[in-house]
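Taken verbatim from Swiss-Prot:
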{"type": "BINDING", "residues": "15-39", "note": "NADP(+) binding site"}
{"type": "BINDING", "residues": "S144", "note": "substrate binding site"}
{"type": "ACT_SITE", "residues": "Y157", "note": "active site, proton acceptor"}
Amino acid sequence: MIEPNLRGNGKVALVTGAARGIGLGISAWLIAEGWQVVLADNDRERGARVAEALGEHAWFVAMDVAQEGQVAMSVAEVLGQFGRLDGLVCNAAIANPRNTPLEALSLGEWTRTLAVNLTGPMLLAKYCTPYLRAHNGAIVNIASTRAHQSEPDSEAYAASKGGLLALTHALAASLGPDIRVNALSPGWIDTREAAEREAAPLTELDHDQHLVGRVGTVEDVASLVAWLLSEDAGFVTGQEFLVDGGMTRKMIYLD
């Protein structure tokens, strides 16, 4: 449940990959806290639809984060519309080719994954920095616990998220003290819509893999993102926060 407050107080945040899942959850939470939120996504139809559903404090901009020209143009649109930028959440990512064996992994698939998941956040930081600096803003990069542990055939995704953690502390060093930069690494987060969850509910075994006894929700991620963007986190930068219910700290033995 979102606890309403005015921590955002009219500030402006840009959230990428915001048309669904974690990005949509972050956007909704920030709006509830009083932020103006720009939802960026390469899915124009869905992005415009969800922005309209979120109400007057949501605004949509189409963007492929791996295309420098689109990033530059979209950031300029945001500034033209709002005149300021206080927060950047780099959430857009692709997992493919997550289950492609290394022998079958094409260079194009590898390159596209790193372009979206790693180059994208760099480009966004590059073009947003002058405006974030003017308001002592903050950046939150959405990484993954896959930067620390892997399943087979996940080379591209794991490498991109590991790189994003390194980019995070490099940006924190380069952009401080004016801009704070942190990373948040989700574990298993149930991003499915209500109908999907009802049709295929999670099992007791799914929940038991976590020390807290349940799979995560988008609100678990969104609430921490909101704190990291706020002045309450003013002494926090260059850090990674794992939001995984303790899953990466639990030893599991299969019978």
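Placement of Cβ uses the backbone N, Cα and C atoms for every residue, glycine included.
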Local Cβ density at Y157 (active site, proton acceptor) - other Cβ atoms counted within 10 Å: 24
Candidates S27, S144: member of the binding-site residues with the richest Cβ shell (10 Å): S27
Whole-number Å value for how far the residue listed as 'substrate binding site' lies from S27 (NADP(+) binding site) (Cα to Cα): 19
For V15 (NADP(+) binding site), nearby residues of its own chain (Cβ under 8 Å, 6 or more apart in sequence): G23, I26, S27, L30, V37, V38, L39, A40, V89, N91
Y157 (active site, proton acceptor) in three-state DSSP notation: helix
Euclidean distance between Cα atoms of I31 (NADP(+) binding site) and Y157 (active site, proton acceptor), Å: 30
Secondary structure at L39 (NADP(+) binding site), reduced by DSSP to three states: strand
